Amino acid sequence: MLRRQGEILLPGDELNVIEEFIPGEGTYDFNGVVYSSVVGKAFYDMINRKVNSIAFKRPGVTTIKKAKYVLGVVTGLREDSALVNIYSIEDKQTEPITAYLHISQISNKYLNNIGEAVKVGDIIRAKPLNSTIPIALTVKQRDLGVVYSRCSICGTKMVKQDEEHLRCPNCGNIEPRKIALLQVKKGGS
């Protein structure tokens with residue numbers, strides 16, 4: 001099924017078979033059929049025989065790739081990735097923007113699953129890698145990672161035990177995390 005040029009698309013909308021057009025930006029191929037991966041408009045490149053789903057711009061999303069960091073809340077976990085809602089681009093509050101953190105973007109060390117680095121409810125400081133939704137994030141740098149977490153047993157705010165673990169001051173529970181090592185300027189500001 002060939003869509004019209006400029007037709008509005010939702011993720012999962014079928015665009016064409018791979019023999020007609022190859023997948024481009026905002027699309028993917030599954031079993032020889034090209035689908036949209038974003039909310040956007042269909043754009044067929046007749047010269048290169050490529051189909052794109054051009055994502056609609058959202059306020060804040062266009063400037064997000066240039067941002068040094070974002071703050072977000074981990075809202076879901078899979079074995080190899082975490083779903084994150086971004087609420088702040090650098091120091092500017094924003095409407096929630098969907099992002100994800102892949103296990104390969106946490107550290108250069110091997111992790112069995114992403115739960116060894118972040119948990120649901122954690123607030124993380126991350127760097128955006130792209131500007132299309134969902135935003136890909138990284139926390140590989142020393143100043144990126146978990147900045148706030150609660151104990152998964154009793155809900156108390158966790159404190160840093162060492163560079164890779166947080167401890168609950170209430171129940172003594174120790175949990176692994178990829179902790180953001182933030183530097184405080186002299187004078188406490």
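Quick reminder: no glycine exception, Cβ is built from N, Cα and C everywhere.
Taken from TrEMBL, the feature domain 'S1 motif' covers 67-127. The Zn(2+) binding site annotation in TrEMBL covers Cys151, Cys154, Cys168, Cys171.
Annotated features, which come from TrEMBL, shown on the structure.
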{"residue": "Cys151", "record": "Zn(2+) binding site", "Cβ neighbours (10 Å)": "21"}
{"residue": "Cys154", "record": "Zn(2+) binding site", "Cβ neighbours (10 Å)": "11"}
{"residue": "Cys168", "record": "Zn(2+) binding site", "Cβ neighbours (10 Å)": "21"}
{"residue": "Cys171", "record": "Zn(2+) binding site", "Cβ neighbours (10 Å)": "11"}
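Assigned with DSSP, the residues of the domain 'S1 motif' (67-127) fall into helix, strand and coil as follows: 6 helix, 33 strand, 22 coil. The Zn(2+) site is defined by Cys151, Cys154, Cys168, Cys171, and by the 8 Å test on Cβ atoms against their centroid, the other residues of the chain that qualify are Ser152, Ile153, Gly155, Thr156, Met158, Pro169, Asn170, Gly172, Asn173.
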